[in-house]
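Annotated domain 'ABC transporter' per Swiss-Prot: 15-236, in sequence order, evidence recorded as sequence analysis. What Swiss-Prot records for G47, R48, S49, G50, C51, G52, K53, S54 is ATP binding site. Residues or ranges marked as region 'Disordered' in Swiss-Prot: 251-278. For 251-264, the entry in Swiss-Prot reads compositional bias 'Basic and acidic residues'.
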Amino acid sequence: MTTNSVTSGRRGEPLVLRDLSKRFGAREVLRNTQLRVEPGQFIAIVGRSGCGKSTLLRLVAGLETASAGSITVNDKLLTGLSDDTRIMFQDARLLPWKRIIDNVALGLPKDRRAEALKVLDQVGLADRANDWPARLSGGQRQRVSLARALVHKPRLLLLDEPLGALDALTRIEMHRLIEDLWRASGFTALLVTHDVQEAVALADRVILIEDGRIALDETVSLARPRSQGDAAFAALEKRILDRVLQKPAAPERESFTHPNDGEPRWPGVPAHGVRWAV
């Protein structure tokens, strides 16, 4: 296996953030953020609650508007939602009144329904196509959410703590599934996670956000597939975790908070958009 993803020839989109800032009221959550992501790279974003991780992801998704700076996707200025971008959240957000196949096919023309079944097969749930969401486990629901995103063949996949509510064994299974599908499809991926081990397991680069700025950009030069029991893996995980913990926790704030990341929310700012897996 190669040490990192081969970005040349991948169908993922390049992403560039220039002087990106975001304010909620008087609080600046992101400030002058600079980031370049090559096509097909897998980027993990870590940091303490409230540091700006999920806000950055929502800006890239087009669910929030930047206070300053710009986002360029595939050399085009981002001005809103994109058909080439999909986002997954910790909550699978399946429609309980629709069967699994219909959740995956949501937004597809009728003549592409067969594609939904094919993607369900890729995530190991073809035999549950006609079940209701309530009959699935948490891990299975997230597999459906992943299938619903991938059926649209995104060039940029955003993952906002999608595995945070799953048990340890299910998380490991999902790591393997996400990595396999990423390697097969070649999309660019941005993962927000509190789990440094998860970041090292999946990413080409681990980005630490601290006080609204990128404080660390660590290349993960470990061969794939990665073993969490490997000494080099453990050493890199410890180094990044030590750096995350080096910064004392921020004092509590009096404000509305974002449910995913503890980031400030304010009246009139939409909490979600329509492109979460549609």
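Just so it is clear, glycine is given a Cβ too, placed from its N, Cα and C backbone atoms.
Most other Cβ atoms within 10 A: among the binding-site residues R48, K53, that distinction falls to K53. All protein chains shown were included, and the count of other CB atoms within 10 Å of the CB of S49 (ATP binding site) stands at 15. This prediction places the mean pLDDT of the domain 'ABC transporter' (15-236) at 93.
Per-site Cβ counts within 10 Å over the binding-site residues G50, G52 peak at G52.
Look at G52 (ATP binding site): DSSP puts it in coil. A coil conformation is recorded for G47 (ATP binding site) in the three-state DSSP classification, outside any helix or strand. In the structure as shown, the Cβ atom of S54 (ATP binding site) sits within 10 Å of 24 other Cβ atoms.
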